[in-house]
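Undergrad: The structure that follows is given in the form of structure tokens.
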Amino acid sequence: MDLLTLWNLEREEVLKIIEDAEYFKKNRCGHDILKNKSIALIFESPSTRTRMSFDLAVHELGGHSLMMNEGEIHLGKKESIADTARVMSRFVDAIVARVKSHKTLEDLAEYGSVPVINALCDLAHPCQILADLLTMKENGKDFKGLKLAYFGDGNNVSNSLMIAGAILGMDVVIATPRSYEPSGLFVKKALEIIAKYGEGSLTLTDDPEIAAKDADVLYTDVWISMNDKNKNLEEILKIFPKFQINAELLSKAKEDAIVLHCLPANRGFEITDEVIDGKQSKVFDQAENRLHAQKSVLKYIFEH
């Protein structure tokens, strides 16, 4: 089974992945789920948390990881992605790929014969969001009816948050400047999932105060995302500051609200030092939870 986006998962499957992640967090070592298995880790862009957490996850589950960075592998350059996928499938038991284009993941999954896990692409960041859900749960947040407010650029993280929120019955509010909204495809998918379960809601707004009001979770990410170097920096610095998570915005949320950021953070831009280092910030627990959630994902794909 592949994990390219979250929308192919049922609610029970997401909850089971989170439950298993909790188990792995409490019982970090002594597992052999990946015994005699080799996992390819493909990275087209630099990474700290994703690379460390997946490499450790494979090792701590008893497997072997094979790291390949851009420039060390033919991935659509001098060889088709289809041929690369076919060859890699002869050597490894699964492919974890952090790539620039979602199409690369689709091609790896289509032409390869082993499971493919999306470790991040331009459209989605499913493994990050599973770690976020673990962080919410361990901070006493019930998913059903939870108000999750996202602030900033409508990027891969916001796309995947919408899907996860829809699956679990959350009330998700995405606050972005106009013309920086999340993917229309992901909005459509989220609304379809909400209709399927008959629970939850999705709201898009350009008013951060509406999003923050009585929120249980406040979430932000960098204003210039992967592959967005062509964005107008001057325009961003003009229209994005009102979407910053700061003490004033946080005061509009519930008293026990938590703050999340997938990191790396541009402190002083999308989030202030005061907030990210404050008592309501769970950012570094969230970063650690990448390891535990990704162990659970690896377990899941080899069981299905």
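These residue numbers are counts, starting from 1, taken along the chain as shown.
Keep in mind that glycine also has a Cβ here, set from the backbone N, Cα and C atoms.
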Undergrad: Per Swiss-Prot, what member of Arg28, Arg98 joins Ser47, Thr48, Arg49, Thr50, His125, Pro126, Cys127, Gln128, Cys262, Leu263, Arg290 in binding carbamoyl phosphate at one site?
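TA: Checking Arg28, Arg98 against Swiss-Prot: the carbamoyl phosphate site match is Arg98.
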Undergrad: Looking at the binding-site residues Arg49, Arg98, which sits with the largest number of other Cβ atoms within 10 Å of its Cβ?
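TA: Output for this query is Arg98.
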Undergrad: Of the binding-site residues Asn156, Asp221, Ser225, which sits closest to Leu263 (carbamoyl phosphate binding site) by Cα distance?
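TA: Comparing Cα positions, the candidate nearest Leu263 (carbamoyl phosphate binding site) turns out to be Asp221.
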Undergrad: Validating a neighbour-count step here. Other CB atoms within 10 A of the CB of Leu263 (carbamoyl phosphate binding site): how many?
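TA: Other Cβ atoms within 10 Å of Leu263 (carbamoyl phosphate binding site): 16.
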Undergrad: Just to be sure I understand the packing, how many Cβ atoms besides its own are within 10 Å of the Cβ of Ser47 (carbamoyl phosphate binding site)?
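TA: A count of 16.
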Undergrad: How far is it from Arg98 (carbamoyl phosphate binding site) to Asp221 (L-ornithine binding site), counting Cα to Cα, in Å?
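TA: About 18 Å separates the two Cα atoms.
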Undergrad: If we count other C-beta atoms within 10 Å, could you say which of the binding-site residues Gln128, Asn156, Ser225 has the fewest?
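TA: It is Ser225 that, of the binding-site residues Gln128, Asn156, Ser225, has the fewest other Cβ atoms within 10 Å.
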